[in-house]
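What TrEMBL lists as region 'Disordered' is 1-33. Positions annotated as domain 'SIS' by TrEMBL: 68-210. Residues or ranges marked as site 'Catalytically relevant' in TrEMBL: Lys85, Glu137, Glu178, His219. What TrEMBL lists as domain 'CBS' is 236-295, 304-357.
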Amino acid sequence: MGSLPPSSLDLLIPHSSSSSSSSSKPSTTAPTQSSIDETTLLNLFKSQQSHLNFFFQHLDLSQTLAFTRTLLHSSGTIFFSGVGKSGFVANKISQTLVSLGIRSGFLSPVDALHGDIGILAARDVLVLFSKSGNTEELLRLVPCAKAKGAFLISVTSVEGNALASVCDMKVHLPLERELCPFDLAPVTSTAIQMVFGDTVAIALMGARNLTKEQYAANHPAGRIGKSLIFKVRDVMKKEDELPVCKEGDMIMEQLVELTSKGCGCLLVIDDHHHLIGTFTDGDLRRTLKASGEAIFKLTVGEMCNRNPRTIGPDAMAVDAMQKMEAPPSPVQFLPVISHQNTVIGLVTLHGLVSAGL
């Protein structure tokens, strides 16, 4: 079941030489280029899908639920360990939990036996990932971890293995076979380990009622965190950075203010700093084209947009970007106003992009 097409095996098995003499002297011809066709590649993906479906269809949900509840109710740190490819998976799952605000860490079995096991405490959980369950480094770690009082859980894919027999809890991950034609390279087994671990992590996320704000607090430097943390007040221009003018000011007298602040607009305000409208460099071009020399006699108030899009300082910065991009046509900036329509800032598309949003 799930065997690979012969053509894929042919790609991996080296061809024997047709002449015994060819091995005794250097070849003067270029090596034959390997190739692969669409059908072979498609068959490999279908085989992997079949192997993953086997895992989903045979996973023991009662074991998985017990495992998930154990992690949920742990009062200590949840450590993960593994060797080789399983070690990489264990480390990644640990990092996923940490990003969700769950105390977790990766414990190298080799380093643990040379001092790092000192981090383990009696309230901690140690999850051991191994396809075979007979990994020597993990088996040597077990009695040492038990002596520290940690609760041990094996996550393996071979029934009746040594690791499962010596741990406090076991989880079996059903593995039909590896996608590798020799059933050796750990590709399907690591895939199901990753699916299992990350799915449990999301189950824990839901059970702990993690909010978007809490999640973002763990990702402050990434786009995820910025989109959930940054507010308009964090990214807006303010005070002396604002290009402001009065509605009675002549357009041509405000060219320096329009261009020097690098915002592409003027915020037209009254004596109490209330927003009257906006005048953009686009408005300047259109006015010049329509009015010609008459532009020297026009005030900003006569040509400004008196119904601009605005936003409040406590709105999310990502919402400001969405508002800029909304129909009927995108804009490059939004005046930031208070509840009393007082201008307190200006958020620009360039500023949002520069902030990493």
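Just so you know, glycine gets a Cβ as well, placed from its N, Cα and C.
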PLDDT averaged over the residues of the domain 'SIS' (68-210): 96
Helix, strand and coil residues within the domain 'CBS' (236-295) as assigned by DSSP: 28 helix, 17 strand, 15 coil
Cβ atoms near Glu137 (site 'Catalytically relevant') (within 10 Å, other residues, all chains): 18
